[in-house]
Amino acid sequence: MATPHINAEMGDFADVVLMPGDPLRAKHIAETFLKDVKQVNDVRGMLGFTGTYKGRKISVMGHGMGIPSCSIYAKELITDFGVKKIIRVGSCGAVREDVKLRDVVIGMGACTDSKVNRLRFKDHDYAAIADFDMTRNAVDAAKAKGLNVRVGNLFSADLFYTPDPQMFDVMKKYGILGVEMEAAGIYGVAAEFGAKALTICTVSDHIVSGEQTTAAERQTTFNDMIEIALESVLLGDKESY
């Protein structure tokens, strides 16, 4: 049954959903990687699609920018449409010198300056982590394709334009691999409602040095990331038998 933000019916979504921030990226993923594609959502322009990848039913839908937006869509997909696994696929900014442009980062955990998980967890710190099997499958999928990935902590920021640039030094000290805006929220939603989640990001810019990828470089690395995500789903299916 449709929700206030998703005009689909039960069964329209697969049990696994890839979620980029940009709904046009969702459209690109569906048109480039999936077959027999059907559009299943267009409320507020947040496009969602379902198709097949190598015969496996998979959905893809945008989640917008920031934890409040992605939390709405993740929650409704899980509680109203039976989604079991969410893979966020997006971009991040690096703060460490050893993390390079175009690196693919798998978010094993996600720190945040948001208070949403404290609200969920009775004002205590909650360790927002990805599902282990999904993480392992993504690493294995990358290795099978000959791609190197970095695995570690992300930082999910509430503000894109931060008033506290000194925080980047703290992130660097604590080994944060990338800064984005959603992973901690999605991990919190998945935990609250009994689902599983993973975040895979490509490094699109270096926050400290100011380096940025070109549009062509972003597209190539983005496609590598999507293939890792899709192949990891197939590996997960093999484990379930």
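Cβ coordinates come from backbone N, Cα and C, glycine included.
What Swiss-Prot records for this protein:
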| type | residues | note |
| --- | --- | --- |
| ACT_SITE | ASP205 | active site, proton donor |
| BINDING | HIS5, GLU180, MET181, GLU182, SER204, ASP205 | purine D-ribonucleoside binding site |
| BINDING | GLY21, ARG25, ARG44, ARG88, VAL89, GLY90, SER91 | phosphate binding site |
| SITE | ARG218 | site 'Important for catalytic activity' |
Least surrounded among the binding-site residues, given as GLY21, GLY90, when other CB atoms within 10 Å are counted:
GLY21
Given GLY90 (phosphate binding site) and HIS5 (purine D-ribonucleoside binding site), what distance in Å do their CA atoms have, once rounded to a whole number?
21
Take the Cβ of HIS5 (purine D-ribonucleoside binding site) and count every other Cβ within 10 Å, whichever protein chain it belongs to.
17
Work through the recorded positions one by one (ARG44, ARG218) and point out the residue whose CB has the fewest other CB atoms within 10 angstroms.
ARG44
CA-CA, which of the recorded positions GLU180, MET181, ARG218 lies nearest ARG25 (phosphate binding site)?
ARG218
Checking the recorded positions VAL89, ASP205, ARG218, which are within 10 Å of GLU180 (purine D-ribonucleoside binding site) at the Cα level?
none
Using C-alpha positions only, work out which of the binding-site residues GLY21, ARG88, SER91 is nearest to SER204 (purine D-ribonucleoside binding site).
SER91
Distance, ARG218 (site 'Important for catalytic activity') to SER91 (phosphate binding site) (CA atoms, angstrom):
9
Densest Cβ neighbourhood among GLU180, GLU182 (binding-site residues), 10 Å radius:
GLU182
In angstrom units, rounded to an integer, how far apart are the Cα atoms of ARG44 (phosphate binding site) and GLU182 (purine D-ribonucleoside binding site)?
19
Relative to the Cβ of the residue listed as 'active site, proton donor', which residues of the same chain, six or more apart in sequence, are found under 8 Å away?
SER91, GLY93, ALA94, LEU101, GLU211, GLN212, THR213
Express the distance between the Cα positions of MET181 (purine D-ribonucleoside binding site) and ARG218 (site 'Important for catalytic activity') as a whole number of Å.
18
